[in-house]
Every structure is written in structure tokens, then in C-alpha cells.
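Going by TrEMBL, these are the annotated features:
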BINDING   Glu21, Glu54, His57, Glu98, Gln131  Fe cation binding site
DOMAIN    4-149  domain 'Ferritin-like diiron'
Amino acid sequence: MNTNRLSPQMQEALIKQMTKEAHASQIFLSYGCWADVKGYGGIANFLYRHSQEERNHMIKFMRYILDRGGEARVEAIPAPPENPFNLTDAFNKVFEHEVDNTTAIYEIVNLSFEEKDWATWNFMQWFVKEQIEEEKLALELIDKLKIAGGDSASDESLFTLDKALESAPDDVSLPQEATAENPS
Ligand SMILES: [Fe+2]
Ligand SMILES: [Fe+2]
């Protein structure tokens with residue numbers, strides 16, 4: 001009797017995503033080290049925390065594959081990319097990595113739709129929502145740096161930005177939660 005509730009194609013797609021989340025975790029860890037070396041302890045802290053979130057995502061995929069009777073497989077994680085060359089580049093790349101991950105998430109949603117695998121479709125909606133938050137978080141980084149002066153930001157404004165990111169929350173609110181009293 002086949003007790004695996006995932007199609008072979010779906011199982012492989014989910015394993016691939018496990019590795020992709022692990023890769024994202026390594027990328028943010030690596031960027032965190034880069035920021036730390038540059039003296040931006042607050043930004044580094046923010047990136048380390050984000051790295052941990054990506055690892056949690058990997059675990060969620062692992063758990064789901066196993067809970068559906070599938071076989072989870074831990075694969076080699078590609079090396080993180082080159083270090084960013086400045087903060088603008090770093091934050092732009094954080095955003096790009098998130099968009100790239102959203103695309104990968106959408107591909108699994110498409111596959112679940114094609115297969116009428118509604119359990120996976122339902123599971124994936126958590127990640128669709130999560131990516132709205134993650135992209136917003138990355139956009140906010142870009143905005144904050146722009147306001148601080150971008151590439152020509154003064155040391156003082158970078159100091160303030162770094163401090164702010166040290167204690168910045170990991171979560172942002174979803175548009176669904178906005179009300180007329182509290183639109184932000
Ligand atoms: Fe993720
Ligand atoms: Fe992410």
C-alpha cells in the first residue's frame with residue numbers, strides 16, 4: 001500500500017524548497033557576518049534573526065513532507081553569494097532573495113493546483129502570506145536606508161539606523177489587519 005500522500009513530483013518540489021530555505025538561511029547568516037565585520041552590529045543582529053526564521057521555514061517543509069507520509073531528504077546547501085559591496089546593495093539583495101523565494105513558493109502552489117493536491121495547496125498558503133511579510137520587511141529596510149541618506153548617509157544617521165534595526169521586530173503586520181483607526 002502506498003502511504004505517501006505526495007506525488008513523486010510534489011515530494012521533490014518540497015525537498016527542493018527545503019534546501020532553498022536552508023540556502024536563504026545561509027545567505028542571511030553570511031550577510032550578517034559581513035555587516036558585523038563592517039561594524040553594523042544592529043544590522044547583523046537583524047540578519048542573524050532573519051537567518052533563523054529561514055531555518056524555521058526549512059523545518060516546516062521537512063515536517064510537512066514527513067507528516068504526509070513522504071520521505072524528507074537533506075541535501076547539500078549551495079554556498080552563499082559574494083558579499084554585498086555596500087548597505088544599499090545588501091538591502092537590495094535581501095529584497096531580491098525574498099522575491100526569488102516567493103517565485104519558488106508560487107511554483108509549488110501552481111503544482112498543487114494542477115495536481116488538485118489541496119492539502120499542499122492549503123499548507124502553502126501560510127508561505128504565500130509569509131512572503132508578503134518578508135517582502136514588506138525587505139522593502140522597509142530599503143526605505144529606512146534611503147531616508148538615512150542612502151550611499152551618502154552620514155555616520156550619525158547610519159549609527160541611528162543600525163541601532164533601530166537591532167531591536168526591530170521580525171514580524172510586520174499584514175494588509176488584512178489594517179483598519180481605518182490603524183491604517184499603518
Ligand atoms: Fe523563507
Ligand atoms: Fe524569507
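Any Cβ shown, glycine's included, is placed from N, Cα and C.
TrEMBL feature annotations superimposed on the structure.
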residue: Glu21; record: Fe cation binding site; Cβ within 10 Å: 24
residue: Glu54; record: Fe cation binding site; Cβ within 10 Å: 21
residue: His57; record: Fe cation binding site; Cβ within 10 Å: 22
residue: Glu98; record: Fe cation binding site; Cβ within 10 Å: 20
residue: Gln131; record: Fe cation binding site; Cβ within 10 Å: 18
- prompt: According to DSSP, which kind of secondary structure is Glu98 (Fe cation binding site) found in, if we only use helix, strand and coil?
  reply: helix
- request: Select, from Glu21, His57, Glu98, Gln131, each of the binding-site residues with a Cβ positioned under 6 A from at least one atom of ligand 2; if none does, say none.
  value: Glu98
Shell list (Fe cation; ref centroid = CB of Glu21, Glu54, His57, Glu98, Gln131; cutoff 8 A): Lys20, Ala24, Glu53, Asn101, Ile105, Phe127, Glu130, Glu134
Task: Select, from His57, Glu98, Gln131, each of the binding-site residues with a Cβ positioned under 6 A from at least one atom of ligand 1; if none does, say none.
output: His57
Statement: DSSP assigns the residues of the domain 'Ferritin-like diiron' (4-149) as 118 helix, 0 strand, 28 coil
Task: Tell me, roughly as an integer, the mean pLDDT over the domain 'Ferritin-like diiron' (4-149).
output: 97
